[in-house]
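According to TrEMBL, the domain 'Glycoside hydrolase family 31 N-terminal' annotation covers 75-152. Residues annotated as domain 'Glycoside hydrolase family 31 TIM barrel' in TrEMBL: 193-522, 732-951. Sequence annotations record features per position, and here TrEMBL assigns domain 'Glycosyl hydrolase family 31 C-terminal' to 530-606, 959-1035. Residues or ranges marked as domain 'DUF5110' by TrEMBL: 624-692, 1053-1120.
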Amino acid sequence: MAKNKGTTCSKVQSREMLPVPILEKGVFRFDCSVHDRNNASPSISFKNPKCRDTPITNCHVNPTYTPTFECVMGEQRVNIELPSGTSFYGTGEVSGQLERTGKRIFTWNTDAYLYTVETTSLYQSHPWILAVLPDGKALGVLADTTRRCEIDLTKESNIKIISPSSYPLIIFGPFSSPADVLMSFSRAIGTAFMPPKWSLGYQQSRWSYDSDARVREIARTFREKKIPCDVIWMDIDYMDGFRCFTFDKDRFSDPKSLVDYLHQNGFKANWMLDPGIKHEEGYFVYDSGSKRDIWVQTASQKPFVGKVWPGPCVFPDFTKSEARSWWASLVKDFVTNGVDGLWNDMNEPAVMETQTKTMPESNIHRGDPEYGGKQNHSHYHNVYGMLMARSTYEGVKLSNEQKRPFVLTRAGYVGSQRYAATWTGDNASTWPHLHMSIPMVLNLGLSGQPISGPDIGGFSGNATPKLFGRWMGVGAMFPFCRGHSIRNSVDHEPWSFGEECEEVCRLALRRRYQLLPHIYNLFYLAHTVGIPVATPTFFADPKDIELRKQENSFLLGPLLVYASTTEDQVSSQLLRKLPKGIWMSFDFEDYHPDLPSLYLKGGSIIPLAPPYQHVGEANRTDDITLPVALDEHGKAEGFLYEDAGDGYEYLEGKYLLTTCVAELQSFVVTLKVLKSEGSWDRPKRRLNVKLLISIGAVLDAWGTDGEVVQIKFPTILPETVSRPFRLAHRLQFSGEVWPGPCVFPDFTMSEARSWWGSLVKDFVTNGVDGLWNDMNEPALLKTETKTMPESNIHRGDLDYGGKQNHSHYHNVYGMLMARSTYEGMKLANEQKRPFVLTRAGFVGSQRYAATWTGDNVSTWQHLHMSIPMVLNLGLSGQPYSGPDIGGFIGNATPKLFGRWMGVGAMFPFCRGHSDKRSVDHEPWSFGKECEEVCRLALRRRYQLLPHIYNLFYLAHTLGIPVATPTFFADPKDIELRKQENSFLLGPLLVCASTTEDQVSSQLLRKLPKGIWMSFDFEDYHPDLPSLYLKGGSIIPLAPPYQHVGEANRTDDITLLVALDENGKAEGFLYEDDGDGYEYLEGKYLLTTYVAELQSSVVTLKVLKSEGSWNRPKRRLNVKLLICIGAVLDAWGTDGEVVQIKFPTGVGAE
């Protein structure tokens, strides 16, 4: 028997794997050693195994990511570290969530009846991970082993793959998008077979329709009730005693007559075949297989016998070409009974009454040399089902070379898509299984298998009318669409749950049949280039992190399907997160709360057909409907692929591929054919163009396919019409603000933002350094609502939602004004960073402006409230905020103003501001003591500016708030979570008193766990906050400038050091020019300092530096905090080692 000749180790080795470029640019094979590379098992996943084993010579790039490995007692453990924020998908047929971080699975094909979200092995094995990087680029990882394999994604942004023998690892990419990765992957493993078009219709199944009379009844009822359907499946009960390739003489006595009836009524007949062949002499299948010696053997080289439905069974060894040819010949003969499609079930292989649910791993397969030769079952287990599907596919093809086979397989492996569709196994009639069906179908598609779907309604258990209808609504949008149920459940046909559910099913399936030309387009792409039919919503914008875990929506090309999968919510009630761009809502005038919501991406055209009862009703001369959604430029494009729907003449050019374009010019949308491919002539047929212009509003026109069709806009359009169709109805709203009657720019329009930006640009030439946007909620005087009417109209950009009333845009008005102001300032001087302050904002405002907490009051309550307000703004994405120090309205007292300045000087945004009707609120306005408190507080801030600038650098680059709640130091400490009189500036803890009768030193402090060293600037005052530096930290300080402009890069730097319990500390200093954008070109200096205590000496040094700036020559003052009020310091030169020796009598502890 062939042995695996890979690396085996008696001790742990850990090193980088060895890369070799293969297949095409950006694809690398990795092995643990040259020996392993030369002795690896053949690839079964690659369509052409030689591609995996043949290096390419024209590749001059190195891999971006190189895996490391450990070899422990022959077990290969591969580790791949990826950037933080990487998202994981794929891993084949898996239960649970779409995004796989936190999951661990085992690739071992298993009969997983009634699996749950925790099940770690299902019916198929795909040792493949699609990793989407934080920037939207992606890479794929294939562990090219057929053996049991552990894929561990429990650690964020880390892939660990463990298998009991050495194996090649193939990394595809990183490429620019997930779609690019999947296309490259498909060029390696092969694309999906091109299915016959009838297989895209609805398919009805049950375990079992127990007689041909029952099958006829089901078919007749579909046609009577006008519920579209193309296929009826026969489960194992059609067989004679569950013997494959036989028919029960009583219940299915004349299969050809049954098939003729089904064909006459527009149905295809699909039948099941299991791998277990009854161990029975005289049974022709057993006898012929035994004669040819094609059974899987035991370790003692006897045919293995295991129990399945017929009783004791033997199993064909599909790893042998002789066995596959034998099976294919049986299939060929079987198909002459009128069989249209075949279903391979139980092919993991499943064996009953065994703990493992399968045959022993010691069983022997006498495989072909190109598969790895003679090996035990542990080597071939995961590919058994795929090789059975291949044999079945080839047998169907032998029976009629002019027809495309359709095979459905339960078990599979990477490459199964070349031969068979799949379904998601024995699911349950529950809402969690309905929900789970979406990520399962999507992850199969992301693993190379684009033709899949669940048992609609659930296989086991009894669906409710609501569950079945909802499931049919979303299931009708899946690539493979079939209802199937267990024999002891209630009937699960579309009419089985009452009239309302029946109507929902009818509407859902009519949708599918109208969408079939578009779905067939997607199968054409899956077959030719490897793009999945159904993809996750984030494929529309891979950079959008929020979309990556979205599980109740998915894409069919440019068509977005949004479905509710919970009992208490219909799709129209979902809180939708749409990808960026224009998404036009539409339906088929078939709204029902249990049907998914549909959106067409702006810039797209998709083809539709009439709602046939079955695919065979279609004719090439039938009308074609083209829904059109224009993009922000008033353009759209789409295509229609047509061929015979079966057979292989399309490979000889006998097809028609039409690309259509539409464009809006002068209130006329013109649709025309851009190009055509293929040798088919265009039939004479009508073309119905439906232009989506807003929710519920469609303009349509009729014409002839191939000719120009135009749609002219009427004089009056609905109020919700989107931006490309706006007419010159420019009625202005007027409301009273400070100048009196006012009009308001519509910042939702790019024209308005550009106009405002140009005004700002000119205004800035007066020497303006920063701008303040106030009253931009927008606020109006003398109105009950304090703002403009919600019925006002904004003619918004399409990417914002188009023309909508004010209730839609109210909350973003201030942000869009801030954006316009920011862009105007930037136009005035591209070399300077704008500073904009906005009162009104929305999620995203932080990209353009700082904010303050509005018109507060000069009271102790408002002082206290300022801390949680600033912190919650930071926790909501806006790190740059602060209150009006001292309060805006009313008169502060000296004590209140001084205390407020003490804490306000520590906020990210530090500004005093007061109402014109109040007393003066400058720092010197409240007497000498308050003036001194303010002086000390602001000196603190200026000395802390290098540290605060560090925090802004982190906020800008990583999104970490400048000020965070104290519990950020220990999120597990429940007591810290409501602490409102303290907050963190990085490792610096600020504890402030916000009540009149208590100073900060009298506070009952709850410090986070760890070491916190108290310190000040030799500036103690009872009205100033107490400060603590976390052990293990170093922060930079500056001299107490009077203004930032006084600073010079050669000024002394002070580093404040607090050691942790291990005697170590670390911190950094980020420096750039403080303005402009040269830092984006690398013109900065980022220095990481470390300190360590050894033998009563603390050594501080530079750990690393980044950026192109040179380090200036300047003095460095290191201040080591050793206890309350005790500091050891030393002077040195920045960039050089500085040491502090503990004096005699001072304990280094």
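FYI, residue positions are counted from 1 along the chain as it appears here.
Backbone N, Cα and C atoms are what each Cβ position is placed from, and that goes for glycine too.
In summary, the domain 'Glycoside hydrolase family 31 N-terminal' (75-152) does not lie against the domain 'DUF5110' (624-692): fewer than three C-beta pairs, each 6 or more positions apart in sequence, are under 8 Å. Between the domain 'Glycoside hydrolase family 31 TIM barrel' (193-522) and the domain 'DUF5110' (624-692) there are at least 3 Cβ pairs closer than 8 Å, counting only pairs 6 or more residues apart in sequence, which means the two stretches are in contact. Across all of the domain 'Glycoside hydrolase family 31 TIM barrel' (732-951), the predicted model scores a mean pLDDT of 93. Helix, strand and coil counts from DSSP across the domain 'DUF5110' (1053-1120) read 4 helix, 40 strand, 24 coil. Helix, strand and coil residue tallies for the domain 'DUF5110' (624-692), in that order: 4 helix, 41 strand, 24 coil [DSSP]. Residue counts of the domain 'Glycoside hydrolase family 31 N-terminal' (75-152) by helix, strand and coil are 0 helix, 32 strand, 46 coil (DSSP-based).
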